[in-house]
Every structure is written in C-alpha cells, then in structure tokens.
Amino acid sequence: MKTVVFPGSFDPVTLGHIDLITRASKLAERVVIAVAVNTSKRTLFNLNERCDLLSEATAHLSGIEVIPFSGLLADFAKEHNAQALIRGIRGTTDADYELQLAQVNKALNSELETILLPANAATGFISSTVVKEVFKHNGDIDPFAPPCVKQALLIKHSENS
C-alpha cells in the first residue's frame with residue numbers, strides 16, 4: 001500500500017498513537033497524520049502545537065507527514081491519494097463507532113478503505129485525556145506519552161500559573 005491517513009485530534013499525542021503510527025508505517029510507504037481542526041472540541045494545545053508535537057514524536061520514523069485538516073476526512077484522503085484510513089480500536093465500543101464511520105467514508109469516497117488496528121495491550125488503555133489528568137494530578141506520564149509531551153505540558157502549566 002502506498003499511502004494511508006491516520007486522523008485524530010492528538011491533544012496531546014500519546015504512546016498509543018505512536019504505536020499505531022509505527023504499525024501503520026509498516027503497512028504503507030507513506031503515513032499522513034491528519035491533525036483535525038475540530039471546532040467542537042476545546043483543545044489544550046493549539047493546532048500548530050499538536051502538529052509540532054507529532055512531528056517531534058515521530059521523527060524517528062520514515063515516510064511520516066503531519067498535516068492539519070478540516071472538512072471531510074474522505075475528501076482529505078482523496079486529496080492526498082490515500083488508499084486507506086488507519087483507525088485504532090480499544091474495544092467493542094470503539095469498533096462499533098469506527099465501523100459506522102468507515103461506512104460513511106466509503107459512501108463519500110468509494111475508493112477508500114478503513115483499516116482497524118486493535119490497540120496494543122500495553123498501550124490500549126492510554127488516551128489523551130488520561131495523559132492530561134495524570135499530569136494535572138502530578139502523576140508520572142512517562143509510561144503514557146512521548147518525552148516532548150511532558151515538556152510541552154510543563155511549559156503549558158507554567159504559562160497558566
């Protein structure tokens with residue numbers, strides 16, 4: 001497979017995301033990380049910060065591009081000549097939701113497939129919300145997020161203090 005798209009808000013990127021991106025990079029020559037401009041979500045990190053964190057966290061991988069997007073994911077995938085979307089699933093609730101989204105994206109772009117990757121057991125419980133909550137309560141986020149995220153959270157915390 002030549003190109004896949006891995007979409008998300010990544011607020012912030014976690015080791016679960018990095019695991020999925022690493023696995024996706026073994027399936028395709030090019031992985032486009034589509035960072036969502038989601039106006040309905042209030043994010044801790046702005047779009048540029050989220051893109052920068054992803055670029056830093058994936059610098060060790062080849063064939064990775066980090067690109068912000070808004071609008072329909074099916075259109076974005078087509079613009080970037082992607083054959084498939086990569087979506088991580090942590091359980092049956094995620095699977096049900098992702099299957100619905102896959103059908104919508106297929107209806108919008110008949111050439112587009114969706115690949116559901118089960119989360120790794122070691123990272124499947126990690127979410128961006130978990131990272132932010134553990135950090136907020138002075139917990140160690142090293143097992144959950146790349147080092148650049150810890151630094152960014154420390155900076156964000158000092159700016160807000």
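Placement of Cβ uses the backbone N, Cα and C atoms for every residue, glycine included.
According to Swiss-Prot, the feature ATP binding site maps to SER9, PHE10, HIS17, GLY88, ILE89, ARG90, GLU98, THR123, GLY124, PHE125, ILE126, SER127, SER128, THR129, an assignment based on sequence analysis. The Cβ of SER128 (ATP binding site) lies under 8 Å from the Cβ of SER9, PHE10, ASP11, PRO12, VAL13, THR14, each of which sits 6+ residues away along the same chain.
Around ARG87 (substrate binding site), a 10 Å sphere centred on its CB holds 22 further CB atoms from the protein chains shown. Feature annotation from Swiss-Prot assigns substrate binding site to SER9, LYS41, LEU73, ARG87; the stated evidence is sequence analysis.
HIS17 (ATP binding site) is surrounded by 24 other CB atoms, counting those within 10 A of its CB over all protein chains shown. Annotation source Swiss-Prot lists site 'Transition state stabilizer' at HIS17.
In this structure, the CA atom of ILE89 (ATP binding site) is 18 Å away from the CA atom of LEU73 (substrate binding site). Sequence-distant contacts of LEU73 (substrate binding site), defined by Cβ-Cβ distance under 8 angstroms and a gap of at least six in the same chain, are VAL5, PRO7, ALA34, LEU85, ASN105.
With a cut-off of 8 Å between CB atoms and residues at least 6 apart in sequence, the same chain places SER9, ASP11 near LYS41 (substrate binding site), listed in sequence order.
In the three-state DSSP scheme, ARG87 (substrate binding site) is classed as strand. A helical conformation is recorded for LEU73 (substrate binding site) in the three-state DSSP classification. Rounded to a whole value, the Cα-Cα separation of GLY124 (ATP binding site) and ARG87 (substrate binding site) is 13 Å.
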